[in-house]
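As annotated by TrEMBL, substrate binding site applies to B:T165, B:K191, B:T202, B:E287, B:N412, B:T417. Here TrEMBL flags B:T202 as active site, nucleophile.
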There are 2 protein chains.
Amino acid sequence: MSAFFDSRWVAAPEAVIVLDGDALPQGFRAAGVAAGIKESGLTDVGLLVADSPETTSAARFTRSGVLAAPVVVCKTRTRLDAIRAVAVNSGNANAATGGRGMDEAARMQGAAAMVCGVPEDRVAVASTGVIGVQLDGRKVTAGLLAASHELRADGHGAFGEAIRTTDKFAKSARLQVALPGGPVTITAQAKGAGMIQPSFATMLCFVQTDAQLDAATADRLLGDGVRRSFDRISVDGQLSTNDTAILQASGASGVAVAAGSPDEAILREALDALLRQLALLIVRDGEGSRRVGRVVVRGDDRDDAERCARAVANSPLVKAALHGGDPNWGRIAQAVGLAMTDRAPVDLDITIEGVPVCARGAAVPFDQAALDAAVAGTEVDYAVDLPAASGTPAVEAEVFFSDLSHEYVTINAEYTT
Amino acid sequence: MSAFFDSRWVAAPEAVIVLDGDALPQGFRAAGVAAGIKESGLTDVGLLVADSPETTSAARFTRSGVLAAPVVVCKTRTRLDAIRAVAVNSGNANAATGGRGMDEAARMQGAAAMVCGVPEDRVAVASTGVIGVQLDGRKVTAGLLAASHELRADGHGAFGEAIRTTDKFAKSARLQVALPGGPVTITAQAKGAGMIQPSFATMLCFVQTDAQLDAATADRLLGDGVRRSFDRISVDGQLSTNDTAILQASGASGVAVAAGSPDEAILREALDALLRQLALLIVRDGEGSRRVGRVVVRGDDRDDAERCARAVANSPLVKAALHGGDPNWGRIAQAVGLAMTDRAPVDLDITIEGVPVCARGAAVPFDQAALDAAVAGTEVDYAVDLPAASGTPAVEAEVFFSDLSHEYVTINAEYTT
């Protein structure tokens, strides 16, 4: 098995082989070009198109109350169950850009449709980069035209490069999945918490498969996968205006995946592992990150567990302790207390790397040197049990998070807009 | 007017004179001693007592779901409207210490009662410092006994010193307030975000006056004051298990402050300014802080305004930009978007230091150099207007916050428990 599935929190599914190379699944072509949006001169416009009119799709977007223009265009002007082309630019988020920004996003959609020869409403657009600066539509249009001349079946890598900002490493994968009905291929390109200027990070992920899926199945698979991956990560508790995840299925493999079939179950497992591993890569590449934490909170109530897990994952004190390799469980207790305001006493149990450190709200003795060593690795596991009336917690919430480092402060304080 | 009221966000009330020296208001005595709880050897046990059985009081505590033992003791075993003695230790928070910690807090209350000659249920206890470590009750008892021999009418400074952890500067004040009924004195000792070992910060504030207040008036005055001061600050969005604020009124001045009287109005104004200035000092002394921000969010809905103000104040991206002297308003828009999930479009207006930078969700041109200079000071003002149906926002929420610095990371990552 390839090194792609390298987190202990993601099991590589048996039916999956990780592939090298840049070939997209059958029925897809892509390209990435430098259009001059990034000052660095690196590629900054990506174009990906599915050749078949039968292509199905699903999409998920940021839930922010302040949406970037391309997100609004996708949500209002795109057939999200039938996306054929995806046009992306990096270097400018086209967010907080008002009516003119909306016009530019619509123009980007129109230009992509024209150069790909597909209807406008089958084009999704996405942007990532600085906010509050108008996107230069002429550069985007010229970039899309150039990209259309370079569309290739092995454009996986080029497209993935074009969506990066300051991601330190590529976040993409090619998988072959042995379904009962035959083999299918999945490719995915993601980007995470990078900055080209101090704005906020944007998470983008594009997934292609040559499996044949009806749109409802694609939507269910993407929705379930996102819920267990990108919805479960936090670099700094902040929410981008631009987050976008798109799954496209060309059907070109001829392998039909019927709803409720064993094929769907295996494809679901593969997609789940793929998205979770990509999500972990985004956390790992979080600004200044050197360690990834996972917190699992168990309890009787889903909202309580979720709120506590988020509070732990987003606590600057917990994150700084993770950075310092300090098994400081008092900060975890504090974060849970914050999430359970006015609910005292919350007599919680805490374990770190499987070692109980707090039981029913009080310290328990543990081997400090052994625990210090256990939290010095690149992945640290925290578990919190809230008091459960039944004795057996009914639900759990899991969040993956990065540490808080000097580099995070440097990146976000010392660069200027 | 003294340098105490040095924030542009707090007007020094006309009826107030800031006093030097260490005299407590009439009817109070206090002391601080070194009991060996802090490894540094600095004073770590404070004792304050009101001589008159007629003393009234009011108190407020942390709303954390995980309460320190002294908070539980105060809430369950103390007559909070008639506190005569306050016993405090620094160097150990007595939090997450289970049943034994509860016993130690109760013993601390009992020992203070004995050495002061007051009933147990008229003693409040408070602790601050490392959590998850048992408090050494013998040291506390010995310290309280020693303190009882040193109780002095000019113990204001000594008591204030004993409650500090790593506060970089004292946070205390002596005020004389000219009420229509005669002059009264107020003293206050507060501590903020300091660490003796990496645990979480604790906010404590003790206020004494020789005004004659009934308990209900004391409660109303303290409650209103806390709501506009300590409830409006954030160093890192974290909530201590130990936060405690206590107001005591000895009545020894003979100046009675009747509910609803002009005396109450002027005393309220003085107390409000005092608590706000102390709260600002706590933010200013927040771990690693070099700048204080204020965000005011206006809108139609109180919950929305409050949630948005908290999201801005606690955004690590906004705080890092404040640290860097970067008027990065895109991060403010992002934080508001996070607080207004699923409510898009939120077309907000943002001003920084009075300069409009975003109108109806889109960038507006501004003089970058002038704004850069404006945010380089020690206090930076942000205002956000949410869309108001009426055109005139009905409510506003204000939060003061510190910046996010390298020193915050150093303090919280590089020291170990």
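Note: Cβ is positioned from N, Cα and C throughout, glycine not excepted.
A quick note: this is a predicted structure, and the numbers were derived from the prediction, not measured.
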What binding-site residues from B:T165, B:K191, B:E287, B:N412 have a chain A Cβ less than 8 Å from their own Cβ?
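Answer, by Cβ distance to chain A: B:N412.
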For a quick check of packing: other C-beta atoms within 10 Å of the C-beta of B:K191 (substrate binding site), how many?
30
Return the single residue from the binding-site residues list (B:T165, B:N412) that has the minimum number of other CB atoms within 10 Å.
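Each of the binding-site residues B:T165, B:N412 was scored; lowest Cβ tally within 10 Å is B:T165.
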By the DSSP assignment reduced to helix, strand and coil, which category contains B:E287 (substrate binding site)?
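DSSP call for B:E287 (substrate binding site): coil, neither helix nor strand.
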Return the count of C-beta atoms lying within 10 angstroms of the C-beta of B:E287 (substrate binding site), excluding that atom itself.
25
